[in-house]
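Here the structure is laid out as structure tokens; the discussion comes afterwards.
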Amino acid sequence: MLRIADKTFDSHLFTGTGKFASSQLMVEAIRASGSQLVTLAMKRVDLRQHNDAILEPLIAAGVTLLPNTSGAKTAEEAIFAAHLAREALGTNWLKLEIHPDARWLLPDPIETLKAAEMLVQQGFVVLPYCGADPVLCKRLEEVGCAAVMPLGAPIGSNQGLETRAMLEIIIQQATVPVVVDAGIGVPSHAAQALEMGADAVLVNTAIAVADDPVNMAKAFRLAVEAGLLARQSGPGSRSHFAHATSPLTGFLEASA
């Protein structure tokens, strides 16, 4: 069971809504993933009506919506988008995204921290997308963010956990949930994130662009479950030396 702020989730896999070939395929993949928290970009949704092609099927699916501020380049733009989302969707949950460079889509640490502090004060449950910077993640936690979402690699790159060393530090020091976001390309990446101690992962591109998004979503669900179970089972420690799995000495002595 995963708890973030006032909500609990059975699934440790969060999903996105971008890049799917159709809304129907998006919903089928989300259902196959078992995800209960789904993020959507406010710039892609018609907030004036709930029969929007993206919004309506998500509401019907009964998932928790996590609007994000993707497209915002400054703290001010992100805060404006947050208030629009709260008014239109009736939720104070927010994935905070601020990336001024359209080429790399890397989060702006200064603007993100600035916006996060203000949004928390305004009553939002803030989940910030951020770089894998242990100091920044601690600062975001200190200003009241409900979780931190450090990247594994650049958005949509499918490179995996390129920031593993920093993620391990973030996880070790965090007192709020850590959700690895961005760069996860295959189910094994997700399993590794859960094994190393992450509380959840957010996956979008890897599912949406797969030849079979529904089965890929199912694969991610199983990988996350496996990674979590492996961590809870207490894996053996790594060693530089070989250790025999059978006690050969006793066998030889008995045969003598």
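Backbone N, Cα and C define each Cβ position, glycine as well.
Remember, it's a predicted structure, so these values are computed and weren't measured experimentally.
Residues or ranges marked as active site, schiff-base intermediate with DXP in Swiss-Prot (evidence: sequence analysis): Lys95. The Cβ of Lys95 (active site, schiff-base intermediate with DXP) lies under 8 Å from the Cβ of Thr39, Leu66, Pro67, Asn68, Thr69, Leu127, Pro128, Tyr129, Met149, each on the same chain and at least six residues away in sequence.
Long-range neighbours of Asn204 (1-deoxy-D-xylulose 5-phosphate binding site) (same chain, six or more residues apart, CB within less than 8 Å of its CB): Thr15, Gly16, Thr17, Gly18, Lys19, Thr39, Gly156. Summarising the annotation, Swiss-Prot assigns 1-deoxy-D-xylulose 5-phosphate binding site to Gly156, Ala182, Gly183, Asn204, Thr205 and lists sequence analysis as the type of evidence.
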Can you list the residues of the same chain, besides Gly156, Ala182, Gly183, Asn204, Thr205, whose Cβ falls within 8 Å of the 1-deoxy-D-xylulose 5-phosphate site's Cβ centroid?
Gly16, Ala153, Pro154, Ile155, Ser157, Asn158, Asp181, Ile184, Gly185, Val203, Ala206
What same-chain residues, at least 6 away in sequence, bring their CB to under 8 Å of the CB of Thr205 (1-deoxy-D-xylulose 5-phosphate binding site)?
Gly16, Gly18, Lys19, Ile155, Gly156, Asn158, Gly185
Within 10 Å of each Cβ, count the other Cβ atoms, then let me know which of the binding-site residues Gly156, Gly183 comes out lowest.
Gly156
Including all protein chains displayed, how many Cβ atoms other than that of Ala182 (1-deoxy-D-xylulose 5-phosphate binding site) lie within 10 Å of its Cβ?
29
